[in-house]
Structures are given as structure tokens and as C-alpha cells.
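Asks: Sequence annotations record features per position, and here TrEMBL assigns domain 'Major facilitator superfamily (MFS) profile' to 11-189. Residues or ranges marked as transmembrane segment by TrEMBL: 47-65, 77-98, 104-127, 134-158, 170-188.
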Amino acid sequence: MAISPARRTLIRNVVILACAVDAADKALLPATFKVLSDELGVGPKELGALAFAQSIAFSVALPVWGSLMRYYSAKDLMVLGCFLWGALTVMIACTSTYEMQFLLRLLVGAVLAVVNPVGQAIICDVVPEDERGWAFGLLQSVSAGLTMFVSFGTTAIATVTVAGVKGWRLAYMGVAGLSILAGAAAWVL
């Protein structure tokens with residue numbers, strides 16, 4: 001079944017959104033180091049351990065997600081990844097203990113390992129070969145732009161309290177919402 005050019009563009013844009021939010025999510029932790037240090041009562045060593053936990057879980061989970069592509073569609077894996085990632089990010093926003101942050105960072109790292117690689121596979125499937133360079137350039141540009149926005153925005157509001165809620169928690173909830181939105185859009189398409 002052939003996909004119309006308009007539908008291809010829509011699918012490409014949803015995948016780019018999911019991959020860009022994935023990239024932006026990676027900016028959340030460094031942007032909140034100071035407030036997490038104060039709130040959790042931890043130092044640079046523990047904050048580095050959070051980043052390491054997320055990175056190592058990401059690396060270990062990559063081949064697992066890749067092997068699942070033999071049994072499940074890329075769309076299903078993308079949707080699952082976005083929904084799980086959104087839910088875990090909400091949990092991170094709601095937790096106040098270092099141990100729970102560490103555990104959730106491990107899980108987020110493992111779940112994030114599916115979004116970008118599967119997104120790139122979907123782009124290769126739906127974008128004609130002569131347009132892939134432009135599509136991947138657009139993906140990288142949108143990812144970098146959203147990462148900068150999240151990094152600066154989160155750093156700016158991290159210590160502010162809005163309606164009794166710390167700004168860093170709102171930033172995490174915002175990224176979680178975008179993740180769930182991207183998953184819902186991928187599911188519909």
C-alpha cells in the first residue's frame with residue numbers, strides 16, 4: 001500500500017517531534033543539577049551517578065530494542081517508548097528521594113533507547129531516498145533547537161515556585177506531556 005506524500009510528511013514530522021523531545025529530555029538533568037543537589041541533599045558525585053545511570057541503561061537497552069524490531073512494528077515500539085518515557089518522566093517530577101531518582105533514571109535511559117533509533121528507521125521507511133538527507137538534517141535541527149529551549153528554559157525556572165510547584169518539576173512535566181503527545185500522534189498515524 002502506497003503512502004501519499006502528505007501522509008509521509010505528517011509521519012515524518014511526528015517522528016521528528018518524538019526524536020526532538022527525546023533529545024530535549026537529555027537536557028533536563030544537567031539543567032536541574034543545582035536544584036536537585038539542593039533538594040535531594042546530594043553532591044556532584046551523586047548527580048554524576050544519575051547521568052551515568054541513564055547513559056549506561058541507554059547503552060545496554062539499545063540492542064534489546066533493536067532485536068524487538070524483528071517481532072514488533074516500529075510504530076508499536078515508538079508508541080510504547082513514548083508512553084513509557086512520558087510516564088517515567090512524570091514519576092521523576094513527583095519523586096523527592098535520590099534512590100528513586102536513580103532507579104527512574106535507569107528506567108528512563110532504557111526506554112529512551114527505543115525512540116531515536118526506531119524514529120530513524122521509520123524515517124528511512126517513509127521518506128524517499130533522495131529526500132532523506134534533508135529529513136535527517138531537519139530532525140537534527142529541530143532536536144538541537146528544542147534541546148536549547150529546554151536547557152535554557154529549565155535552568156531559568158528550576159528554582160522558581162509556581163502555584164506551589166517547583167519549576168524543575170513543571171519542566172519535567174512539560175517534557176513528559178510532549179512525549180505522551182508524540183506517542184499519541186504516532187499511535188494515530
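Including glycine, each Cβ sits where the backbone N, Cα and C put it.
Because TrEMBL annotations are produced automatically, they should be read as predictions rather than curated entries.
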Asks: Counting a contact as 3 or more Cβ pairs under 8 Å, with residues at least 6 apart in sequence, do the transmembrane segment (104-127) and the transmembrane segment (47-65) touch?
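Replies: By the criterion, they touch.
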Asks: Taking all residues of the domain 'Major facilitator superfamily (MFS) profile' (11-189) together, what is their mean pLDDT?
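Replies: That stretch averages a pLDDT of 95.
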